[in-house]
Amino acid sequence: MSASSVDSLDDVLAARLATQRERQRYRRRVTTTGKVAEKGGHLRREGRETLAFCSNDYLGLAGDPRLAQALAEGARRFGTGGGASHLVCGHSEAHEHLESRLAELAGCQRAVLFSSGYQANLGVISTLLGRGDVALHDRLNHASLLDATRLAGATLERYTHRDSDDCGARLSEVEAARRKLVVTDGVFSMDGDTAELEPLATHCERHRAWLMIDDAHGFGVLGAHGGGTREAQGLDPSRIAVTVGTLGKAFGTQGAFVAGSETLIDALIQFSRPYIYTTSLSPALAWATLTSLDIVRDEPERRVHLLSLIERFRRGAASLSEFDLHLTPSATPIQPLVIGSSWSTTGEGRQENRQGVNEAAALRLSAELESAGLWCSAIRPPSVPAGTSRLRFTLSAAHTHEDIDRLLSALFTTARRLSSARRRLA
Ligand code: PMP
């Protein structure tokens, strides 16, 4: 084949990029300057001060000077980088110590660290399942859990969001499968609602399936001790086979862990390729995360304050429904505002058009808030189902009640203005 008959790499990719632009799906990275959370949830966005409602720094620890100091101390003691994978010579005392503390927080026998939550999910599912096995997912699970199932080569099945009876019914359908893993987010990242773990555990026990929970957004935030969704719901840890937590959100650092039985963790260390073939998490970060754990334990008032912010926001935002903007049933710091169908009534009325308008409305609202100095994410398909584009606000203990009031006031002003502009056009 002559070289000229092969499409050039740039041509192939440029065509994909052009489609992405046409569909208004092209995403731009925004560069922040300066550090997070020095003054509450404020960030410098391309040189301009903004009040951010889009980070996962739920307890306001990412900019805490105590963590910065612990990170520097960790770097002096253990080095900035792990230098090798855990099974070669990259496993330090800092990692070992952090793993014990995380196992304790999760209420499990043992835990193992990964460099990110994405990697932890790949590492667990690809170790537990293979061809002929079934991973049964909540329909709104995080993308990394779906990718992990594909990597494992297992069959991917889904049950209706938060519907444990549907989960049970689907487990009956796959009764003959060799191994069955039910997988759920603890807190759903795009909706902020939580899985009901007890009925899921019961169905798993009845059908001899294993239960895995990815509590990336729950650890540190939910439960009296920050032990996550399981602690908040009072479920015995022994009823969950695998728990995943991340360190880049409430704990303000980076990385992730898997917690479970001694045997599960031993098997991951021996067999999990995403664990074995990668450099260990920075030991300095592992050391700093020990300070995060101390703060999570010793300063429950951060969680109490965060809860009061969530209540204040929900009380204030409920009446945005008059503008066809709807809160999801969430009691967590993830507070989305879904754009209702009346925002999509312009145009030809064709389905794609309506979806396009729904997405454009989310972008428009987010841009308007940005000009008022507020930063939030417009979440659109494929991250959420078509026609349910939304603004997703994430609250943090670094915010104040005044910050919430400022957000609410800007939301009402923007919604009122855009709604009357729409009415004039209609
Ligand atoms: N699981 C869930 C539910 C998440 O929301 C995320 C990240 N947003 C991850 C896993 C991935 O974690 P990490 O960012 O540490 O890779």
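Using N, Cα and C of the backbone, Cβ positions are placed for all residues, glycine too.
Since this is a predicted model, take the numbers as computed values, not measurements.
Taking a C-beta cut-off of under 8 angstroms and a sequence separation of 6 or more, HIS142 (substrate binding site) has the following same-chain neighbours: ASN121, ASP185, SER189, ASP214, ALA216. In this structure, HIS142 (substrate binding site) belongs to neither helix nor strand by DSSP; it is coil. Residues or ranges marked as substrate binding site in TrEMBL: ARG27, HIS142.
For GLY117, TYR118, SER189, HIS217, THR246, the entry in TrEMBL reads pyridoxal 5'-phosphate binding site. For THR246 (pyridoxal 5'-phosphate binding site), the Cβ neighbour count at a 10 Å cut-off comes to 26, with all displayed protein chains included. In the three-state DSSP classification, THR246 (pyridoxal 5'-phosphate binding site) falls within a strand.
Mean model confidence of the domain 'Aminotransferase class I/classII large' (51-411) amounts to 95 (pLDDT, 0 to 100 scale). Residues or ranges marked as domain 'Aminotransferase class I/classII large' in TrEMBL: 51-411.
Positions annotated as N6-(pyridoxal phosphate)lysine by TrEMBL: LYS249. Non-local contacts of LYS249 (N6-(pyridoxal phosphate)lysine) by the CB criterion (under 8 A, 6+ apart in sequence, same chain) comprise ASN56, ASP57, TYR58, ALA216, HIS217, PHE219, GLY220.
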Are any of the recorded positions GLY117, TYR118, SER189, THR246, LYS249 near ligand 1, with a Cβ under 6 Å from it, and if so which?
GLY117, TYR118, SER189, THR246
Write out, in the order they occur in the sequence, the residues of the chain not among GLY117, TYR118, SER189, HIS217, THR246 that have a C-beta within 8 Å of the mean position of the C-beta atoms of the recorded pyridoxal 5'-phosphate site.
ASN56, HIS142, SER144, ASP214, ALA216, VAL244, GLY248, LYS249, ALA256
Just name the most isolated of the binding-site residues ARG27, HIS217, going by other Cβ atoms within 10 Å of its Cβ.
ARG27
Whole-Å Cα distance, TYR118 (pyridoxal 5'-phosphate binding site) to ARG27 (substrate binding site), is 20
